[in-house]
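Here is what TrEMBL says about this protein:
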BINDING   D136  Mn(2+) binding site
SITE      E168  site 'Interaction with galactose moiety of substrate glycoprotein'
ACT_SITE  E221  active site, proton donor/acceptor
SITE      N261  site 'Interaction with galactose moiety of substrate glycoprotein'
Amino acid sequence: MYRPNFLRNPIPKNCAGVLCGIYVTSNFTLNKNKTLIIITPTNKRLERLPDLTRFSQTLMHIKNLHWIVIEDGIEIYDAVNRLLKRSNIPYAYFFAAKELYLPAKGWTQRNNALEYLRKYYRNFDGNAIVYFADDDNTYDIRLFNNFIKNVKQVGVWPVGIVGGAVVEGPIVQNNKVINWQAIYKPNRTFAIDMAGFAVNLNLILSSNATFGYQCIYEAPEDCFLTQLGIRMNDLEPFGYKNNYKDVLVWHTKTAKSNVVNNNNNSFVMETENK
């Protein structure tokens, strides 16, 4: 059975940020509009600080946003915490070591974030939308302001440069999703990337959905959405009506840097072995 790390390492002891240990309600902010909750797994690497700098400076333009950042490891890092603090975005930053038998690439960290929401947002009486956002993707501000903020229950949209396709996303007819444009496992019920959907917080609070062992041999997005009890008819497609059908999120991956000298001259840089 999946057991979240923070039950062994209680929050807020291992957590940094203004959101840590707070049972969040809609009174947490004076802004009564829809709250966006962004979940971001992260891991120590040379490219991590520039990736998070770029992403944080996108999110700084978005109002009424909470940022849950989960370190893949056994500790949190000062450089990351200071970066998050400089953003002035309400955040919680904690660690979660990879759970045995779960894949890498954020599975354990997303699960811990879901458990965090179920514990600390269980009495949230406002309207909140949850979005899983990797730290090395590229995001247009319009994704948050025009798409995610207008999601009612489950929103979906195209993602660029993913799964062997130039664009992967919903095929829409009469305002309904009827199929998927996808190369990777195109017969999935929800053939969509992690960056291509957002869900209402209430769906998470009323379910036990995780990226757990039951998802190992499936696509995690498809497995997670199925556990939420979502049907194709429930999906709210975005972006297909626009005069210019711009893609607003891209599954970019920062290339691993080829360095021959690890001397940082006392500047703050992260490497995997430091």
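In case you wondered, yes, glycine gets a Cβ from its N, Cα and C as well.
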Cα distance (Å, whole number) from E221 (active site, proton donor/acceptor) to E168 (site 'Interaction with galactose moiety of substrate glycoprotein'): 13
Inter-residue Cα distance where the pair is D136 (Mn(2+) binding site) and N261 (site 'Interaction with galactose moiety of substrate glycoprotein'), in Å: 24
Tertiary neighbours of E221 (active site, proton donor/acceptor) (same chain, Cβ under 8 Å, six or more apart): R188, F190, I192, D193, M194, G196, F197
Which of D136, E168, N261, the listed recorded positions, has fewest other Cβ atoms within 10 Å: N261
